Structures are given as structure tokens and as C-alpha cells.
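Peer 1: Take this structure, written in C-alpha cells, and hold onto it; I'll ask about it next.
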């Protein structure tokens, strides 16, 4: 199956190249006054783009298909235990291994990351905060593939224009990071919204006579994601010998939540000086609930400004993309002359400054 997918990907790439060459030749025959490497017919452009996308999909499926079984590493066993409570039935301590090609690519990516530990730590923290199931080497390979695919798409859409290709490469470089940031922001908002009810559940469990570890286990069984998964990770880490306070500090670092930092501080104070932890958690839950209510009020009042900022920031590039797709001859001189490049660069700088200024105006700390 994997070989069929890879062969299909190669065939799709070859067909796309033939279409690209043929469409370029037909453009030269029908419009002699236009250089033959400037534009592509609409059908040839989109057909080649579709074939490149199909080839990329087939390559990813062919490389990541896992047909055999191999033994799980200790780290993978712990991760599997934290995620699902154990290996699937009949699988034991084995897993489906990577194909030879993927193992080679991942080995090269891992060697690059080992030489750059700061990059590996940054990728790992972003993936962890976004709740992604990929590891650092898989993310690096996927990111490289996205950059290459974006560059090819830019060259095809721009009729061979290097400037358009570089623009799409930049989109491929920054797009995945923006996606991770968006996923992290969604998880953090959901995490903070669930905190008051979670503290109420924990306080009720403590008042009923359960220990702190048992109350955390109650949250794991009855809570919602992402809190249930994070507290399950806390339980796994404590069973492996990590102090409870340190395990909960890990949640604070991953989500960068000031509200949860208060919870960890309350637990630390109670463990050092004693007191009724259930009442303390009730007080913290009330404070967090009031902060969340105030935060939502501020978001409602700032919604009009946010929409205006999104419209003003997104209208120029979206309108430029519309012209590029519908009237390429009208906007193409912007990408072919130094004056056009300078105008685009100046517009991008001014747009970035304006977007930053508007973001600071509509951002209100609560």
C-alpha cells in the first residue's frame, strides 16, 4: 500500500510537470506578444496545483503508513499510559513502526534537533501547549514539507514568478507556527473557562473526606478536556515520583495561566502552614469566576474594535489575492519591477505597524 501511494505521488508530480510545460507552450503559441514563462492558462494552473497537492498528500500517507510492529520505548509507554491507560488489547508492548523511509527522515530530523537543543525545546513546548500528538522530529518534517509545497504552489500560481514563490514560502514558514499559536490560545481559553467549576468539584471532594490526590482523580474521571487530560498527566507524574506541586507547576508553565498559578500557590501555602484547603479553593474559585466574568465583559465591549482591526488588516492582502487570481495581468507588474517590490515592501511594513498599533489599542488586561 505504501509503495502504491509513493508511486502515485511520483506519477502525479510527473503529470503536473507535463501539464506545466504543455500549458506554457500553448500560452506561447496563442499569445505571441507575452513571454511564454509569464502566465499559465487557468485550467493548466489549477490542474497542476491539484496534482502537486495530491502528490504531497500521497507522499505523506505513504511515508507515515505503519504496516508492522515494533517494541514500544519507555517514553512511549508512559505517554500511552497517560493518554489512554494502557496499550490496546492484543498489542502489548509493541507498536506499529515507521517505514524505512520515514525512519531515515526522522533520524535526520532528530540529529538536526540534537544539535540545536533550543529549537527542539521551543518546538516541544509549542506542541505541548497546543495539545498536538506529533513529536518534534515529525513536526519538523511536516513543516519542511509544508514549506516546499507552499513554494511550488506559489511558483505555479505566479506563472514561475520567484517573488510570488518566496511569498508563499514565507507563508509556509510562518503559517504552521501561527496555527500552533491559535490552537494554544483556544486551549488556554477553554482551560481558564473550566477552572472555576473544576475547583468547585475539587473542593466538594475534599469536603467529602477525599485526599487531594483522590480529588484530582475525580477531576480526571468527571472533568472535561483539556483539564481532565492535564490532571491525568499530573497523576502519572506523581506516580513516577514527581512532587505534586512540581507536577501542577508544569500545567502553569504549559498554559501560562495566572489563574492556575494562584491555585498552585494556594496548595503550597496550605501544605506549608496548614488550614482548610476546601474553603481556600472555594475562595480562589470565586475570585477566578469574577475575573472570568469581567474578562467576558471586556471582550464584549472590545468586540467592535477587534472586528474593525480584522477588516482593516485583512482587506488589503485579501483584495490583492483576489486580483491576483482573477486579473493577474493587472497586478503582475507589481511583482516584476523593483518599483513594485519597493511598493509592496513599504505597504507590508505600514500594514504591520498599523496592525500592531490596533492590536495594542484593543487589548485590555484583566
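Every residue gets a Cβ built from N, Cα and C, even glycine.
A TrEMBL annotation is a machine prediction, not a hand-curated record.
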Peer 1: Have a look at 139-156, 193-210, 211-228 and point to the one annotated transmembrane segment in TrEMBL.
Peer 2: 139-156
Peer 1: Do you know which of 275-295, 338-358 TrEMBL annotates as transmembrane segment?
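Peer 2: Result: 338-358 is the stretch TrEMBL calls transmembrane segment.
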Peer 1: Could you check which of 99-119, 162-182 is flagged in TrEMBL as transmembrane segment?
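Peer 2: When 99-119, 162-182 are checked in TrEMBL, transmembrane segment belongs to 162-182.
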Peer 1: DSSP-wise, what's the residue breakdown of the domain 'Type II secretion system protein GspF' (199-323) into helix, strand and coil?
Peer 2: 107 helix, 0 strand, 18 coil
